[in-house]
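The structure appears below as structure tokens.
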Amino acid sequence: MKKEIHPEYVECKVSCACGNTFTTKSNKAELRVDICSNCHPFFTGSEKIVDAAGRVEKFKKKYAMQ
């Protein structure tokens with residue numbers, strides 16, 4: 001790699017809107033994010049499961065596609 005053309009790689013403090021903070025490496029010293037693994041529904045287990053099968057059956061019944 002050529003010297004003095006790459007951005008400086010420093011330790012980065014990441015702050016989430018939920019209050020969670022963690023450190024990683026980046027070319028910026030501080031990052032602010034809206035959602036992280038601490039508050040994302042996929043990781044917390046509070047995700048909603050859509051009952052698509054019921055909707056399909058309702059559509060077929062409504063338009064007599066059985």
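Cβ from N, Cα, C; glycine included.
Noted in Swiss-Prot for the protein shown:
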BINDING   Cys16, Cys18, Cys36, Cys39  Zn(2+) binding site
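Listed in chain order, the extra residues whose Cβ falls within 8 Å of the Cβ center of the Zn(2+) site residues Cys16, Cys18, Cys36, Cys39 are Ala17, Gly19, Asn20, Val33, Asp34, Ile35, Ser37, Asn38, His40.
Note on Cys16 (Zn(2+) binding site): other Cβ atoms within 10 Å of its Cβ, all shown chains, come to 18.
In this structure, of the binding-site residues Cys18, Cys36, Cys39, the smallest number of CB atoms within 10 A of the CB marks Cys18.
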